[in-house]
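See below for the structure under consideration.
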Amino acid sequence: MKHEVAWRQLAQQIAGWRAAIHRYPELSHEEYVTTDYIVQQLSAFPQLQISRPAATGAVVRLKGALPGRTIAFRCDIDALPVEEKTALPFASARPGLMHACGHDFHSAMLMGAASVLAEWQPRIKGEIVFIFQRGEEMSPGGAKELIDAGVLSDVEMFFALHVLPALPCGAIALKRGIATANRDTFNIWLHGKGGHSSMPHLTVDPCIAAAEVVQALQTIVAREINPRESAVISVCSLICGDGTTAAIPNDAHICGTNRTFTPEVRAQVKEAMTRIVQAVAQAHRCEGEIVFDRWDYSAIVNDEALCDIAARVAQTLAPEICFRAESDPMFVGEDFSEYQAQAPVCFAWLGVGNGQQEAPLHNSFFNPDERALTLGVKYYLGLAQELVM
């Protein structure tokens, strides 16, 4: 009975943390209030050593009473430029900003795990590092700067958990090997010669060229990539001119992302996109250029041994029907992949769907089922018990 009461109290605390973080969302690398709040709340636990190696975000360490390995649990803390429409009592108080990817959820779960594990400190063999990482949504993300700064150089393995509304509440999904995609952001410019819309023969129209580029890019996956492989090219914005109806503009701008699972296909897609942009631009007498963001994210490759450990933990928490040891890889990009340059990683998905018409990630109506909060905490606790206790 005492155990059940304690968990109910913890669940209320975690939900309160989540609501507070959700109410004041902040964009990547601007998470000042969020960081202050997390640090303030965790300062109540003297066992935790808190540092702030960057302007925002925090690294929290819990050194056990006995020697052992060093493991890390990571969450992200930034929000998105999305207008919230959930009507939640703790909905965003900042117009145009929202925690639409569950980073408030991630932060609260990791805070809950840290608070419990702080009480378990005498039983811990080794050290647990809790990473409250800034800037996941905007490359360059916050993971690379932490690795480059050397503040995590002693960590031997990294774990992360991300909410997913497509999975039912209580489900945990793992994918051994490639778990997420390489993500490359692209910007394309087509430079023509503007002029009066009544005299198109005196212009070099970048709008026509841009329209053909958008269509031609979609032939890459259909006709150049092996059908056994996977790739996605998404044009997310096409801007020609400033909205005037009587002038052909000088320039057109196209941007979006392409996503792949292997280095070979990633390189093939980039080469094909560059070739098409140059060829179409030349055919329309324009100048064309394409630039790929050099900071974009590589695929997460989950370590087999860590997945075995995570699977054992997940199977004790979720009903067998809700544990998916071999979920499909996702086309999302995640800078958690940066940590694998230092040590093995394991990235898992936590179901937050409630059986209704769930809004997807990055949607104005995204509202994860809060019943999954305690399951996420228990997942981290289970990993700690397996590895450092």
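Placed from the backbone N, Cα and C atoms, the Cβ positions cover glycine too.
The Mn(2+) binding site annotation in TrEMBL covers Cys101, His103, Glu137, His162, His362. According to TrEMBL, the domain 'Peptidase M20 dimerisation' annotation covers 183-281.
Features as recorded by TrEMBL, highlighted on the structure.
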| residue | record | Cβ within 10 Å |
| --- | --- | --- |
| Cys101 | Mn(2+) binding site | 23 |
| His103 | Mn(2+) binding site | 27 |
| Glu137 | Mn(2+) binding site | 21 |
| His162 | Mn(2+) binding site | 25 |
| His362 | Mn(2+) binding site | 14 |
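Per-residue pLDDT, averaged over the domain 'Peptidase M20 dimerisation' (183-281), rounds to 96. Same-chain residues that are not part of Cys101, His103, Glu137, His162, His362 yet have a Cβ within 8 Å of the Cβ center of the Mn(2+) site turn out to be Asp76, Asp78, Leu80, His99, Ala100, Gly102, Glu136, Leu361.
Following the DSSP three-state reduction, the secondary structure of His103 (Mn(2+) binding site) is helix. In the three-state DSSP scheme, His362 (Mn(2+) binding site) is classed as coil. Secondary structure at Glu137 (Mn(2+) binding site), taken from DSSP and collapsed to helix, strand or coil, is coil. The secondary structure of His162 (Mn(2+) binding site), as reduced to three states from DSSP, is extended strand.
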